[in-house]
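Engineer: As annotated by TrEMBL, domain 'Histidine kinase' applies to A:300-515. The transmembrane segment annotation in TrEMBL covers A:51-73, A:80-98, A:118-137, A:149-169, A:189-211, A:218-239, A:245-266.
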Amino acid sequence: MPSGLSPLASPPTRYQLRLAASLSALLVLALLVTAPYARQPAASTEALLPAYAAAVLVVELLTAALLMALFYVQRSRAMLLLAVGYLLSGVMAVPWALTFPGVFDALMLDGALQGTASIAAIRRLSFPLFVIAYAVLSDREFPSGSAPRIILGSIASVLAVVALATWFIVSHDDALPQFMVDAHNVSGLWRFVPAAAVALYGVGLIALGLRRRSMLDIWLMVVLFTLLIEILLISYISGGIRLSVGWWAGRFYGLTSASLVLLVLLSEATTVHARLARSVLAERRARQNRLTAMEALSASIAHEVNQPLASMVTNASAGLRWLERDQPHIDEAKAAFGRIVTEGHHASKVVTGIRTMFLKGAQERVPLDLNHLIDAVLTQCNDEARLGRISVSTALEADLPPVIGNPVQLRQVVTNLVDNAVDAMRGTAEPRFLRVTSQRHEFGEVLVAIADSGAGLAGVDKDRIFEPFFTTKPDGMGMGLMFCQSTIEAHGGRLWAVDDVPRGAIFRFTLPAPATAPRSSEPIR
Amino acid sequence: MSADRSIVFVVDDDPAMRVSLESLLRSVGYSVASFESARDFTLMQRPDLPGCLVLDVRLPGLSGLEFQRELGRSANPLPIVFITGHGDVPMSVAAMKAGAVEFLTKPFRDQELLDGVHRAIELDRRARAKATMLAELRARAATMTPREREILPLVAAGQMNKQIAQALQLSEVTVKVHRAQVMQKLRAKTVADLVRIADRLAADADANQPDDTRV
């Protein structure tokens with residue numbers, strides 16, 4: 001489960017910590033304010049009790065539902081136990097209110113004096129146990145079986161347990177521990193219940209405090225702290241007198257705090273949802289962008305390959321027709337077939353270029369002689385240069401130190417730059433010249449320059465020409481220069497472009513040439 | 001096989017494609033002139049021959065489709081056979097709607113291209129013949145006097161001399177003389193001939209836009 005997605009499962013933020021601390025401080029303050037009046041009885045406030053119980057039921061059921069939903073997503077046993085704890089506590093509020101002396105007289109349950117206290121004891125003591133279990137269990141434990149079935153099973157079990165317990169408590173009042181001396185005052189035996197509860201809350205707080213993995217842990221600590229304040233007010237400061245000011249105040253604070261915690265959890269859950277929706281949208285957009293880029297790329301590749309294919313097919317047709325004439329025209333046919341050969345090589349070059357661009361194992365580096373490489377590329381481009389009436393010249397430094405690099409990739413870089421130069425001169429005024437130079441550069445580097453007499457780079461953003469899909473050619477992919485730059489930089493060099501005088505452009509790149517050439521003696525072409 | 005003097009213009013920015021197209025078209029006997037861009041083509045003084053244009057859609061500068069529109073508006077339009085590197089349906093529809101003869105996706109079958117070129121040249125030949133004839137008719141019509149010009153539509157509408165005389169408040173004899181003059185000046189042998197010529201002149205006057213004389 002991606003924990004980053006759920007704020008509840010993510011580590012608490014500073015804001016959350018501050019909020020939790022303020023809430024706890026407020027509770028302490030409320031406790032201090034209430035303390036002096038705690039023992040005053042608030043007579044005949046039984047009528048408020050059903051409302052209070054209903055509120056507790058709603059708040060705790062909602063919390064349980066929220067936690068169940070979290071369990072449904074995370075499948076962690078700890079989360080399930082916590083949800084069951086909330087569910088049990090919430091449902092138990094029903095028999096508690098029903099059996100409370102003087103509330104539902106019509107039900108004739110109030111004859112049983114000990115029932116309410118027993119239920120309260122179960123609620124008080126079971127809830128921290130569940131929280132402790134949650135804190136102790138690892139998030140990584142996952143129960144087997146389908147989540148909906150587990151959730152339904154848990155709910156059914158809780159209801160069954162509450163029903164059974166209620167039935168037993170109502171029908172066996174005599175068998176219950178004697179917590180109460182009358183409807184409002186507790187016996188000495190009751191002392192143990194709040195004491196045990198306080199101890200359990202303490203253990204729970206420590207367990208959660210040690211864990212403090214998530215935001216949820218922090219808010220559970222607030223809940224336990226609230227319960228602690230509540231039990232202090234109900235059982236100690238108010239002297240355990242039911243329906244006294246302290247007794248009510250404790251419950252009121254507890255309920256308020258529980259509602260606040262629920263609100264926080266709900267808002268967090270909403271945030272999760274919003275964040276999820278946002279990330280799904282962002283992901284979809286990113287995929288769309290990738291698709292568009294891929295479509296553009298594949299369309300460009302198709303076009304690049306299709307162009308030489310079209311001219312090959314046309315040349316072949318022309319050649320056949322020259323031969324099929326009444327008087328076969330051998331020279332024309334030969335010329336056409338010669339062009340097929342040239343274009344075939346051109347197509348293959350395009351394919352190689354594309355493959356090199358996506359080459360795996362580009363890390364393979366060997367010492368190589370750039371002059372050899374330049375010669376090889378220029379030989380290959382000879383036909384095209386001749387076709388474009390371009391004069392090619394070179395000025396290559398005689399004993400250029402070898403550079404370390406990937407021969408296939410560097411050859412492609414030089415090929416791309418030479419092709420670009422040839423393309424740039426298409427349609428420009430003659431004389432058209434292409435000049436390639438190589439020389440030693442500062443810091444033991446080698447500098448290669450490819451100059452053309454084309455239109456130059458005036459009016460073209462020199463930073464953008466290396467960006468992918470940026471092109472000034474009607475048929476261009478806009479991948480060539482990007483590939484050149486990333487390749488040169490991957491080799492520890494630099495590639496840049498400047499305007500030439502009086503016209504044209506110069507592309508220059510440097511490559512590091514280690515002073516002491518490795519022992520592999522033969523430079524590889 | 002295409003014979004009696006015609007010329008094919010090729011505009012494609014890819015030199016390899018240009019050379020191969022030239023060769024193919026020459027192999028069947030066409031004269032070919034090829035250009036790198038639409039601009040280069042417009043700068044040329046076009047020979048007075050039936051011809052057609054083989055035009056690449058993707059061109060530097062003015063695109064093929066833009067150039068088609070421009071050429072369509074010009075004084076001497078030319079039928080176009082489009083060739084394109086990527087078969088784009090909306091683009092081909094636009095080109096055909098604007099009057100292209102053919103829209104071929106590279107690589108195309110040579111016969112398809114040659115058929116397209118043949119049809120395009122025939123269209124141009126007919127358009128030129130029609131234009132020539134119209135020019136001739138216009139020249140003849142220009143020799144008519146204002147009165148004769150007035151009488152022509154009435155005769156063409158099938159009115160009797162008497163009716164025309166009444167309408168123009170002339171004597172029947174005068175109408176008869178004018179009518180003979182009109183027949184002679186327009187070189188119409190019969191009234192049916194005259195009606196046809198009058199229709200053409202009327203259509204020409206209505207249109208009077210270089211656009212609509214285009215094929």
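Easy rule for this one: first residue shown is 1, then count along the chain.
Backbone N, Cα and C atoms are what each Cβ position is placed from, and that goes for glycine too.
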Engineer: Go through the chain and flag residues at least 6 beyond the ends of the transmembrane segment (A:218-239) whose CB is under 8 A from any CB in it; none is fine as an answer.
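Structural biologist: Hits for the transmembrane segment (A:218-239): 12, 16-17, 20, 23-24, 27-28, 30-31, 34-35, 38-39, 82, 124, 127-128, 131, 134-135, 186, 190, 193-194, 197-198, 201-202, 204-205, 208-209, 212, 245-247, 249-251, 253-254, 257-258, 261, 264-265.
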Engineer: Report, as numbers and ranges, which residues of the same chain sit near the transmembrane segment (A:245-266): CB under 8 Å and 6 or more residues beyond its ends.
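Structural biologist: For the transmembrane segment (A:245-266), the far contacts come to 8, 19, 23, 27, 30-31, 34-35, 37-42, 45, 48, 52, 55-56, 59-60, 62-63, 66, 216, 219, 222-223, 226-227, 229-234, 237-239.
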Engineer: If I take every residue in the domain 'Histidine kinase' (A:300-515) and average their pLDDT values, what number comes out?
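Structural biologist: Summarising the domain 'Histidine kinase' (A:300-515) by its mean pLDDT gives 83.
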Engineer: So what's near the transmembrane segment (A:118-137) in sequence-distant terms, Cβ-Cβ under 8 Å and 6+ beyond its ends?
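Structural biologist: The answer is 76-79, 81-82, 84-86, 88-89, 92-93, 95-96, 99, 165-166, 169, 176-177, 179, 193-194, 196-197, 200-201, 203-204, 207-208, 210-211, 217, 220, 223-224, 227, 231.
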Engineer: Given a Cβ distance threshold of under 8 angstroms, which distant residues of the chain, six or more beyond its ends, lie next to the transmembrane segment (A:189-211)?
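Structural biologist: Same-chain contacts beyond the flanks: 117, 120-121, 124-125, 128-129, 131-132, 135-136, 177-180, 217-218, 220-221, 224-225, 227-228, 231-232, 234-236, 240.
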